[in-house]
Amino acid sequence: MATITQSVSTAVELQERNQVGGRLTKHTGDPTPPEDSDELLQASLAADAEVPDGGYGWVVISACAVITWWFIGTSYCWGVLQAALVREGLSSSSTLAFIGSLATACISFLGIINANIIRRLGTRISALLGIFLLGLGQVLSGFATKNVGGLFATAGVLFGLGVSICFMVVSAIPAQYFRAKRGIANGIVYAGGGLGGTVISFIMNALLGKVGVAWTFRIIGFMIWATGLPAACFIKERVPIRRTQFVEWRLFRDIRFSLLFAAGAIATFPLLVPPFFLPLYTESMGMTSGAGAGVVAAFNFSSAVGRLMCGFCSDRLGPLNTLFMSLLLSALSILVLWPVSTSIGPLIVFVIINGMANGGFFSTMPTVVGNVFGSARVGVAMGMIVTSWAGGYLMGAPIAGYILNASGGEDAGIGAYRPAIFYAGGMTLSASLLAMLIRLKTDAQPFKRL
């Protein structure tokens, strides 16, 4: 009989499962306290032993991809709507960037709460609730396009509630169906968001020209309901989500978790700067709003490709290696390519490279958490980690907007963007260094698959 050895890592301890006789062999060199080897470790190992790595899991992954199409795709296209609202004189780009940032920041503010909501309601009901709130936020935003406060409530808070619930659903469920192919499964899920952003940016730009901002919001909302609600019906957990502590503070006793918590907190500050400000950047270059929407579409399509590639690399090279490489590539593209993008050619090169690297953060993070801290812990661990993203999601893009305004604003030419660009690149580089430290703390061998 063939012997298959598979590794499952957790924050509690690293173990190997040898399928001959179903016995477990512990790594003797792991410094993690033995008392932390608890029921969740056994639950992770038992659940992973029965993971089908396919079957109905591909239906669930497809449904999750439709959901990410809408909640990530629409979020990443906020820059298109933001540019239109700036042209109409509603408010400044720094203020309007707060609305888009607030929506994504809800992922962090409500991460721990949503992990427990999903456990109580189940993934299907939670997904339906999330999609309903996404559509409702967009439809009601159509009635608030002349009021900044109203947009904060609808496109910011209400839409953000839907984003946060959908994010936790699609982050937790793939681990129940995939282990060996977990990286590519998460890659497919989050690639849906990149592809959605590609298409939605063109749809938004066309609608803005034909029906205006208000009806653009409403039509996007109706489209979310029409396609997202049926997709949510196909999502279900393979096994009941295990009851866990609201917050597992002892995870912070693992230096890798603390470093991952900090890396995510820093990395989210620059994540939304390119998609939010590229439409304004292209207009400062003298291009049309259609060109700006096209650049955002290229960014989102590259992000979709990057999410798939990083998912594949997570399975082949390891998720920790992939996370470090994606953050480093994102930092270098911002610091080296964006400042010299004074014409459409270099700008497209930057958009492609940064879009691919940017997308890798989202598709890789759930795989890192599932592989390193255990599949039975994905919900609570992701809920804790995304809480650290609150500051970056909420303030990252607005800080770039304030830096831009202090440098002369979008009317001062593309040179005024450089201080904000260096801010984003510096934050990304710092996050990549923390990711490298996590990798070295896990295993100092540089070429090992981790």
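A Cβ is built for glycine as well, from the same backbone N, Cα and C atoms used for every other residue.
On a predicted model such as this, the values are computed, not experimentally measured, just so you know.
When pLDDT values are averaged over the domain 'Major facilitator superfamily (MFS) profile' (256-450), the model yields 89. Summarising the annotation, TrEMBL assigns domain 'Major facilitator superfamily (MFS) profile' to 256-450.
The feature transmembrane segment is assigned by TrEMBL to 55-72 (among others).
Residues or ranges marked as transmembrane segment by TrEMBL: 92-113 (among others). Non-local neighbours of the transmembrane segment (92-113) in the same chain are 75, 78-79, 82-83, 85-86, 137, 148, 151-152, 155-157, 159-161, 163-165, 167-168, 246-247, 268, 272, 276-277, 280, 380, 382-391, 393-398, 400-402, 404-405, 410; each lies 6+ residues outside the stretch with a CB under 8 Å from one of its CB atoms.
Per TrEMBL, transmembrane segment is recorded for 125-144 (among others).
Within the chain carrying the transmembrane segment (150-175), a Cβ under 8 angstroms from the stretch's Cβ atoms is held by residues 57, 60-61, 64, 67-68, 70-71, 74-75, 78, 96, 98-100, 102-107, 109-111, 114-115, 117-118, 123, 126-127, 129-138, 140-141, 143-144, 182, 185-186, 189-190, 217, 235, 237, 241, 366, 370, 375, 378-379, 382-383, 386, all 6 or more beyond its ends. Taken from TrEMBL, the feature transmembrane segment applies to 150-175 (among others).
The transmembrane segment annotation in TrEMBL covers 187-208 (among others).
Taken from TrEMBL, the feature transmembrane segment applies to 214-235 (among others).
Annotation comment: TrEMBL describes 255-278 (among others) as transmembrane segment.
The feature transmembrane segment is assigned by TrEMBL to 290-310 (among others).
Within its own chain, the transmembrane segment (322-341) is flanked in space by residues 183, 263, 267, 270, 274, 306, 310, 313-314, 347, 349-350, 353-354, 356-358, 360-361, 364-365, 368, 414, 418, 421-422, 424-426, 428-429, 431-432, 435-436, 438-439, which lie at least six positions past its ends and keep a Cβ under 8 Å from the stretch. Marked as transmembrane segment by TrEMBL: 322-341 (among others).
Residues or ranges marked as transmembrane segment in TrEMBL: 347-373 (among others).
For the transmembrane segment (380-400), the list of distant contacts is 11, 94-95, 97-98, 100-102, 104-105, 107-109, 111-116, 167-168, 171-172, 244-248, 251, 257, 260-262, 264-273, 276-277, 365-366, 369, 373-374, 420, 423-424, 427: same-chain residues at least six beyond its ends, Cβ to Cβ under 8 Å. Residues or ranges marked as transmembrane segment by TrEMBL: 380-400 (among others).
TrEMBL lists 420-440 (among others) with the feature transmembrane segment.
Count of Cβ pairs under 8 Å against the transmembrane segment (214-235): among 55-72, 187-208, 290-310, 420-440, the largest is for 55-72. Remote same-chain residues near the transmembrane segment (347-373) are listed as 8-12, 72, 171-172, 174-175, 182-183, 186-187, 189-191, 193-194, 251, 254, 256-257, 260, 264, 267, 271, 274, 278, 281-282, 285, 295, 298-311, 314, 319-320, 322-323, 325-327, 329-330, 333-334, 337-338, 341, 381-382, 385, 442 (criterion: CB distance under 8 Å, separation of at least six residues from the stretch ends). When each of 55-72, 125-144, 255-278 is scored by its Cβ pairs under 8 Å to the transmembrane segment (187-208), the top-ranked stretch turns out to be 55-72. Put simply, of 125-144, 255-278, 290-310, the stretch with the most CB pairs closer than 8 A to the transmembrane segment (55-72) is 125-144.
Non-local neighbours of the transmembrane segment (290-310) in the same chain are 73, 76-77, 79-80, 83, 183-184, 187-188, 190-202, 204-205, 274-275, 278-283, 322, 326, 344, 347-348, 351-360, 362-364; each lies 6+ residues outside the stretch with a CB under 8 Å from one of its CB atoms.
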